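What follows is a set of notes on a single structure, which appears directly below.
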Ligand code: AMP
């Protein structure tokens, strides 16, 4: 079956058409600047990537252009819409309502809407994408795959904040976690690749991208993760602060004469390695280069990032009373050997030893610990689109 995977933002929409039997990507692309002017980037497998300007007043036009491109007589990859068996939608927040992927119906749409309070930037955009697809592809089954679902197995002690309990009851204030599709995919794949029995394993997944999070996966189930009510908690990220003393908010608000929105903007967009490097960059390629050229702020930013990752790994070893394997994934986890090296250097007490040669590799699954390392460490490229396609097929 061919599955169209959609990841819809407020002004952009990423898509992939995946053949679920071969798991090959037939075509992929991106609509940008929806509601502003609009452009479509489209690339069929083995073909050229082509970008064209197209008027996209709403997501409905954007999805119509995607369908037109996929069914185009020259560069298309299917003859007609009937060759698309299902659509899998990435949905950011499923709250406590959705602990797994679901086939979309009116009740599910209402459920996603009810979680919009918790993800006001993302869920409404996800809903717009789903509704536009329903309009243009009536009769095609659609599945919602939630970023939060994998983390719903966290125990109460991991998801409750030390706040008045009624905030949890009245406002659903608790830790949810994000990147769940990636943590689920990578933990399963790591067990497979490393020859571990997933149902009898302790795996820590470090999803280190521009947004970054870590999870503790015990016997295939998430027992803790670093992001919280929102994706701001946890690791130091590209531009997000991660964990900090909450009292800093009031202190900075007074010093800089900012309101709550102003402080939140700083914590989300001007902090992390970007802020630490004095606005040099949020991209680890730039930071590495700057560090090599003697930039002390870039060096400090990298060190703060790696130290935080190492501390989280240590705390998850405690949470699971041990660890069998650590998997690095996402843009930084997959590509930045220096980050993996620095993080693992803090974890020698676990009996981890790095294979420095293997750590230079890129672009595939590979082990970076030595044969005698007490904990296996691997790089496992994530593939959220494939994970969404798999979930979609399983449900339809
Ligand atoms: P993601 O959010 O998973 O797409 O990750 C994007 C981030 O990965 C970028 O902002 C970079 O910091 C990092 N990244 C991507 N490629 C490389 C690379 N070759 N070396 C170091 N970092 C990289």
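Using N, Cα and C of the backbone, Cβ positions are placed for all residues, glycine too.
Please treat TrEMBL annotations as automatic predictions, because they have not gone through curation.
Listed in TrEMBL:
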BINDING   7, 384  Mg(2+) binding site
BINDING   14, 207, 208, 209, 210, 211, 283, 284, 285, 331, 332, 333, 334, 335  ATP binding site
BINDING   90  substrate binding site
ACT_SITE  147  active site, proton donor/acceptor
SITE      179  site 'Transition state stabilizer'
SITE      240  site 'Transition state stabilizer'
Would you mind pulling the longest C-alpha to C-alpha span across 14, 207, 208, 209, 210, 211, 283, 284, 285, 331, 332, 333, 334, 335, which the record has binding ATP, in angstrom?
-> 24
If you measure C-alpha to C-alpha, which of 7, 147, 240, 285, 332 (recorded positions) come within 10 angstroms of the residue listed as 'substrate binding site'?
-> 7, 147
Of 7, 14, 147, 240, 334, recorded positions neighbouring ligand 1, Cβ under 6 A = none
Listed recorded positions 7, 179, 210, 384; those within 10 A of residue 240 (site 'Transition state stabilizer'), CA to CA, turn out to be 210
Could you state the whole-number distance in Å separating the C-alpha atoms of residue 208 (ATP binding site) and residue 7 (Mg(2+) binding site)?
-> 19
The residue listed as 'active site, proton donor/acceptor' versus residue 14 (ATP binding site) - Cα distance in angstrom | 16
Far apart in sequence but close in space: which same-chain residues, 6 or more away, have a Cβ under 8 Å from residue 384 (Mg(2+) binding site)?
-> 7, 90, 181, 182, 185
Least surrounded among the recorded positions, given as 14, 179, 240, 285, when other CB atoms within 10 Å are counted | 285
Let me know how many other Cβ atoms fall within 10 Å of the Cβ of residue 332 (ATP binding site).
-> 26
Listed in sequence order, residues with CB under 8 A of residue 210 (ATP binding site) and six or more positions away = 237, 238, 239, 282, 331
Here the 10 Å Cβ neighbour count for residue 283 (ATP binding site) comes out at 15
Residue 208 (ATP binding site), Cβ-centred 10 Å count of other Cβ atoms over all protein chains shown, is 28
